[in-house]
Structure formats: structure tokens, C-alpha cells
Amino acid sequence: MDVFAFNASLSMCKDVAGIAGNIFAFGLFVSPMPTFRRIMRNKSTEQFSGLPYIYALLNCLICLWYGTPFISHSNAMLMTVNSVGATFQLCYIILFIMHTDKKNKMKMLGLLFVVFAVVGVIVAGSLQIPDQLTRWYFVGFLSCGSLVSMFASPLFVINLVIRTKSVEFMPFYLSLSTFLMSASFLLYGLFNSDAFVYTPNGIGTILGIVQLALYCYYHRNSIEEETKEPLIVSYV
């Protein structure tokens, strides 16, 4: 009875962490909306790049496939979050293609085809693996690698913040959402004993803490600089 109660509690904690992760991830998925409102208003993609949305779609589709019962077990929350994420990214890509120039249209359509082709190869290839454990390792490593590279992308922004001593290019709520989502899925992976979930999200959690710490440090410094009286005051 004690073992049953423990397993039930573990399952409940996993579900709570997964639901929280889905909620925080939704905040990330809607974050590009102001950019696309501007694109639609100006009927131009200007200098914006569509590559982040292509890569995000690829990442969501790989992780979605990993979450299915064909690959792993008890990962329904991974399926929901990545289904929603893939839908958002696909909508962003379609809007980008509609409002960009002809050259970029062809480029984005080509990349979109590559994404679906790569995912198709991964799905078809993994289904050819008869052993469930080997299949889990194969797709798990791909999913883990994809997530790690996605979480590593803010390293450029972190370097920029340190170099410029400004948090202008690192929005607080985006960093907070990333940290909360990563921390939630870190717990989800731990409760589910899934190394391919808790490892990349553990890295994401650490990077999220670094971003928030840098934001607090440099934001406080910028406020102090603004409120500091100048040594020489001139009156005109």
C-alpha cells in the first residue's frame, strides 16, 4: 500500500510539473507575436530572420516524436507542449513567408521542406528499429541534442550583455519564462526517471539562472548610473 501511495504521489507530482511546464512554454510560444504584428502592419519582414522559427519547428517535431508511445512511455505532457509549439512555429513561418520577398520565400519554403524531410527520415528510421530500448536511445539522443543546442542559443545574448553591460537585448520576462519552463520539465523528467528530459532541461535551468542573475546585476547597475548625480552640472 505504501509503494502504491508513493507511486501515485510521484505520478501526481510529475503531472503537476508537466502542466506547469506547458503553461510557461505557452508564454515562450506567444513571445514573437509583437514581432509578427509589426511584420503584418508593415507588410514586410524587414531585417528579421525566419531561421529561429524553422529551427524551433524542427526541435518541437523531434521532441514531439520522442514523447509518443512509439518511443517513450508516460510522456503525454511532452506531446502536448510540443504539439502546441509546432503549431505556433508553423503559423509564424507561414506569416513570414507571406510577407517576405521572393528570394526569402524560396529559401524559407526550401528550409521548411528540409525540416519535414528530416523529421520524416527520423520517424521512418526509428520505426525500422525493432528493439524498443534501442529506438528510445536513438530518438532520445536526437531530442536531447536538439534541446541542448536550443538552450545554448542564449549564450550569444549572455556574452552581449556582459560586453555591453546592458540588458536591452535580454528581456526579463523571456528569460524568466525560459527558466520556469526548464525548471518545470527538469522536475518532470526527474519524476519520470527520463534522462533525455531532465538532462537538457537541467542545462536550460542553469542557463536561465545565469540570465536572470545577469539581468538583476546589470539592470541594477544601469539604474544606479541613471540616478547618480554628475560630477559637473552645467546649466544653460
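In case you wondered, yes, glycine gets a Cβ from its N, Cα and C as well.
In Swiss-Prot this protein carries:
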- Asn7: N-linked glycosylation site (CARBOHYD)
- 16-36: transmembrane segment (TRANSMEM)
- 18-103: domain 'MtN3/slv 1' (DOMAIN)
- 37-50: topological domain 'Cytoplasmic' (TOPO_DOM)
- 51-71: transmembrane segment (TRANSMEM)
- 77-97: transmembrane segment (TRANSMEM)
- 98-108: topological domain 'Cytoplasmic' (TOPO_DOM)
- 109-129: transmembrane segment (TRANSMEM)
- 138-158: transmembrane segment (TRANSMEM)
- 159-170: topological domain 'Cytoplasmic' (TOPO_DOM)
- 171-191: transmembrane segment (TRANSMEM)
- 195-215: transmembrane segment (TRANSMEM)
- 216-236: topological domain 'Cytoplasmic' (TOPO_DOM)
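Averaged across the topological domain 'Cytoplasmic' (37-50), the predicted model reaches a pLDDT of 89. Here the domain 'MtN3/slv 1' (18-103) has, by DSSP, the following mix of helix, strand and coil residues: 66 helix, 0 strand, 20 coil. The Cβ neighbour count for Asn7 (N-linked glycosylation site), using a 10 Å radius and every protein chain shown, is 10. In the topological domain 'Cytoplasmic' (159-170), helix, strand and coil residues by DSSP number 6 helix, 0 strand, 6 coil. Long-range Cβ contacts of the transmembrane segment (77-97) within its own chain (Cβ-Cβ under 8 Å, at least 6 residues beyond either end) map to 14-15, 18-19, 21-22, 25-26, 29-30, 32, 36, 39-40, 45, 48, 50, 53-54, 56-57, 60-61, 63-64, 66-68, 104-105, 108-109, 112, 188, 197.
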